[in-house]
Amino acid sequence: MKQVPEFHEDFYIPIPLDINNLSAYSPFLVPQDHLGNQGIFMAMSVFMFFIFIGGASINILTILCTIQFKKLRSHLNYILVNLSIANLFVAIFGSPLSFYSFFNRYFIFGATACKIEGFLATLGGMVGLWSLAVVAFERWLVICKPLGNFTFKTPHAIAGCILPWISALAASLPPLFGWSRYIPEGLQCSCGPDWYTTNNKYNNESYVMFLFCFCFAVPFGTIVFCYGQLLITLKLAAKAQADSASTQKAEREVTKMVVVMVLGFLVCWAPYASFSLWIVSHRGEEFDLRMATIPSCLSKASTVYNPVIYVLMNKQFRSCMMKMVCGKNIEEDEASTSSQVTQVSSVAPEK
């Protein structure tokens with residue numbers, strides 16, 4: 001029986017290779033052509049380039065827009081700016097390195113840069129993830145009024161922005177200190193938490209379960225509960241005003257928005273959660289590394305589609321962006337449903 005060569009400390013390839021020196025396949029030293037043809041790497045490079053350009057542009061524009069237009073700086077818009085900062089974090093620290101590495105077909109920047117890139121991209125991704133949960137919670141708090149006549153003020157908005165960063169640091173720091181680690185993932189051209197190696201030295205299984213519970217199940221449960229309560233509240237309001245066409249239209253549009261928001265979250269994080277759980281439950285089995293690249297790509301792509309869902313579908317933000325970029329002043333309907341859904345401060349104005 002052929003002896004299986006020992007894996008290198010800084011990377012892991014879950015497929016059999018007819019070679020005793022796995023260091024010769026190091027993703028920090030040589031192109032990873034044994035994992036796929038050059039066309040796949042070039043396609044991924046182009047994809048990451050567009051994600052970088054699109055993600056950086058739309059999120060910088062959101063931040064600049066908020067700075068320029070005072071009416072966008074409401075307390076309940078703080079978290080949307082926080083989401084844009086998190087997306088910008090991923091777009092700047094994750095996508096460019098991946099783009100250049102895919103172009104060279106290996107992680108050309110070395111093991112130390114891999115740890116840094118993995119940490120920063122994970123940090124930004126987790127901040128964005130928790131920001132989506134906070135968006136849902138704040139809307140539930142203001143629209144459903146579970147605390148009665150509650151006024152959402154600056155301290156609440158600031159706390160809502162700080163919480164995602166604390167939660168993200170709690171999730172992204174452990175691999176730097178021995179609980180799991182950051183290594184090349186998928187086609188070995190980008191880095192992230194180690195969720196598929198068989199090395200028990202890093203306790204990867206427990207870290208994966210921690211991420212699944214704390215960074216997927218809890219935020220997703222929060223989003224489903226809060227938006228579910230919001231829909232129930234609006235349905236009751238629509239039932240009470242059955243003769244109002246605008247109320248009925250509002251309920252339909254809110255329902256569509258909620259579905260889009262929940263699907264956006266699932267597209268971003270469900271592949272990571274499901275694939276990592278499959279790896280943990282099928283420890284040591286071979287799998288296609290090209291499939292392992294998909295979750296990373298979808299999470300990085302969220303830097304583009306999350307702003308579209310949460311910012312560009314907001315009439316106030318969209319109008320201000322058009323005015324800033326094109327000089328056009330689009331007339332807003334302040335009573336519109338889109339404003340009620342994405343600019344929730346209009347539902348419960350401050351006293």
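Including glycine, each Cβ sits where the backbone N, Cα and C put it.
Now, the feature entries from Swiss-Prot:
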type     : residues      : note
TOPO_DOM : 1-40          : topological domain 'Extracellular'
CARBOHYD : ASN21         : N-linked glycosylation site
TRANSMEM : 41-65         : transmembrane segment
TOPO_DOM : 66-77         : topological domain 'Cytoplasmic'
TRANSMEM : 78-103        : transmembrane segment
TOPO_DOM : 104-117       : topological domain 'Extracellular'
DISULFID : CYS114-CYS191 : disulfide bond
TRANSMEM : 118-137       : transmembrane segment
TOPO_DOM : 138-156       : topological domain 'Cytoplasmic'
TRANSMEM : 157-180       : transmembrane segment
TOPO_DOM : 181-206       : topological domain 'Extracellular'
TRANSMEM : 207-234       : transmembrane segment
TOPO_DOM : 235-256       : topological domain 'Cytoplasmic'
TRANSMEM : 257-280       : transmembrane segment
TOPO_DOM : 281-288       : topological domain 'Extracellular'
TRANSMEM : 289-313       : transmembrane segment
MOD_RES  : LYS300        : N6-(retinylidene)lysine
TOPO_DOM : 314-351       : topological domain 'Cytoplasmic'
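Everything Swiss-Prot records as a feature, shown here on the structure.
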residue: CYS114; record: disulfide bond; Cβ within 10 Å: 26
residue: CYS191; record: disulfide bond; Cβ within 10 Å: 32
residue: LYS300; record: N6-(retinylidene)lysine; Cβ within 10 Å: 25
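DSSP labels the residues of the topological domain 'Cytoplasmic' (66-77) in these numbers: 9 helix, 0 strand, 3 coil. The average pLDDT computed for the topological domain 'Cytoplasmic' (66-77) is 87. Under the DSSP three-state reduction, CYS191 (disulfide bond) is assigned to strand.
With a cut-off of 8 Å on Cβ pairs spaced 6 or more residues apart, the transmembrane segment (118-137) and the transmembrane segment (41-65) reach fewer than 3 such pairs and are scored as not touching. Outside the transmembrane segment (41-65), and at least 6 residues removed from its termini, the chain residues within Cβ reach (under 8 Å) are 32, 72, 80-81, 84-85, 87-88, 90-92, 95-96, 98-100, 102-103, 105, 187, 189, 293, 297, 300-301, 303-304, 307-308, 311-312, 317, 320-321, 324-325. In terms of DSSP helix, strand and coil, the topological domain 'Cytoplasmic' (138-156) has 10 helix, 0 strand, 9 coil.
Looking at 157-180, 207-234, 257-280, the range that has the most CB pairs within less than 8 A of the transmembrane segment (78-103) turns out to be 157-180. Under the DSSP three-state reduction, LYS300 (N6-(retinylidene)lysine) is assigned to helix. In the three-state DSSP assignment, the secondary structure recorded for CYS114 (disulfide bond) is helix.
Put simply, CYS114 (disulfide bond) is 16 Å from LYS300 (N6-(retinylidene)lysine) when counted between their Cα atoms.
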